[in-house]
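Only one structure is covered here, and it is reproduced in the block below.
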Amino acid sequence: MSQEFDYIIVGAGSAGNTLATRLTEDAGVTVLLLEAGGPDYRFDFRTQMPAALAFPLQGRRYNWAYETDPEPHMDGRRMECGRGKGLGGSSLINGMCYIRGNAMDFDGWAELPGLQDWTYLDCLPYFRKAETRDIGPNDYHGGEGPVSVATPKAGNNPLFHAMVEAGVQAGYPRTEDLNGYQQEGFGPMDRSVTKNGRRSSTARGYLDQAKKRPNLTIVTHALSDRVLFDGKRAVGVTYLVGDSEERVEARARKEVIVSSGAIASPQLLQRSGVGPRALLESLDIPVVHDLPGVGENLQDHLELYLQYACTQPVSLYPSLLWWNQPAIGAEWMFKGTGIGASNQFEAGGFIRTRPEFKWPNIQYHFLPVAINYNGSNGVKEHGFQAHMGSMRSPARGRIQAKSKDPRQHPSILFNYMSTEQDWQEFRDGIRLTREIMAQPALDPYRGREISPGADVQTDEQLDKFIREHAETAFHPSCSCKMGTDDMAVVDGEGRVHGMKGLRVVDASIMPLIITGNLNATTIMIAEKISDKIRGRKPLPRSTAKYYVAGDAPVKGKPMREVKQA
């Protein structure tokens, strides 16, 4: 006998936990929240310590560890595509960079038919609703939300300040808040970390206040098999628990909400019979609704590192040495302070590489150590690096289910670097980064260029380095996009076109990828749509001012000119 709820939410990630918390604020509403992973164990430093952010990517307890098909423009590499597994979803394993995107991203969404209420000023109140910033609220930031946001503090690593100053010396603006009036420029970077130095996942921020409500049922280790339909209406789901092959059925009186992320949401729809007819028929899946955009329009951010030796012993290199780690861990565990309490991404920036870009097309994260994002290939000396990536690539990929089996990973292809714009942006980005790194502010610290290496100069040499070393920034999105065109999957409220009682609410419904990290925006989307589901009036539009570059020059004259090939 199946259980029955008002709403079934598939996926307890950044969006799913937000929705579950908001929907169950109405005491008469019952919600079933299904999560394929396990709990977010609060004593597991791998997910709770900000500085340990690389650890969850190295195993499969908290990571789906997807891989792409061979990427044709990246020497056929199968690229890593980590996604969070467990309460919190990818907010449980991400880099904790609290970046919202550029105001022009959302104004661009709102220019699309059917998305008129997605302007930046419509979205800003929901960013504020979700946030508690440690230095207090203002026109751009909240003070009472579930997501704890920490700002960089005086006394942090001197390399952060030097790298921001170098960006300004190279001719770019200085900004005091990458989520405030002006994103463009270099400045301190906020992070999703609590005042006690713990990761602020949506499991901690949202579910901690909701999980004891009698109208919320949370089932972990529950892998959703498919959505059940009565004609074109979603009426429930079947799921597997643990290693069992027995299907458990749950029924939804009102809606099934798919919040499984940009990889798994389109895969679940396809397995359930909602997607491109030819694909479904090739997998012997009965077609419930032919919807060609399901799994298409896939987008991501690609990035690479420029690494330098550090001539002063101020980098985090000693923290990589095992004999120093117990003391770091103890300070974090008992005091919530020290190196362990930060993700160490405390400075960054956004720039335009050419005048045709009307808002930034390159993002920087600065890190005071030289190491891969997943913790591999740490340079065995003092060093620092700039993560540099393009923001709005024209490349488009796709997600395709391979079978009806929910345990089989889908076919994933991003088509990285498939357009000439991609190559131009990365070549420009590397050369501009070298100019930034050559500025006087970094003279006390800058040693040799470790990667790519000073001898890598020509377009051909740079292209080879990009093909071999560029990596995902772990920002898959847009694979069930909002809109009204033939390839749109959902409307501006997340309702699946042609269906009843079925929504998708997560990063997959972004029509176009944003300029920056995705987590804060994914939470905002869920906050905004939760009001739609509950029949509440939207929050009043913000009246905050925001920067538009217009005809402003891309950059000023650098303090130090650098000759490059």
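Indices start at 1 and increase along the chain as displayed.
Glycine residues also receive a Cβ, built from the backbone N, Cα and C atoms like all the rest.
The feature FAD binding site is assigned by Swiss-Prot to 6-35. According to Swiss-Prot, the feature active site, proton acceptor maps to His475, an assignment based on sequence analysis.
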Please compare the binding-site residues Asp6, Asp26 by how many other CB atoms fall within 10 Å of each one's CB, and tell me which has the fewest.
Asp26
Can you tell me whether DSSP puts Val10 (FAD binding site) in helix, strand or coil?
strand
Round to the nearest Å and give the CA-to-CA distance linking Asp26 (FAD binding site) with the residue listed as 'active site, proton acceptor'.
32
I'd like the number of other C-beta atoms within 10 A of the C-beta of the residue listed as 'active site, proton acceptor', please.
24
Return the count of C-beta atoms lying within 10 angstroms of the C-beta of Arg22 (FAD binding site), excluding that atom itself.
23
Just to verify: the residue among Ser14, Thr18, Thr30 with the fewest other Cβ atoms within 10 Å, which of the binding-site residues is it?
Thr30
Rounded to a whole number, how many Å is the Cα of Thr18 (FAD binding site) away from the Cα of His475 (active site, proton acceptor)?
19
Does Leu34 (FAD binding site) have same-chain partners at least 6 apart in sequence with Cβ under 8 Å from its own Cβ, and which are they?
Ile8, Ile9, Val10, Gly11, Ala12, Val219, Ala222, Ser224, Val237, Tyr239, Ala250
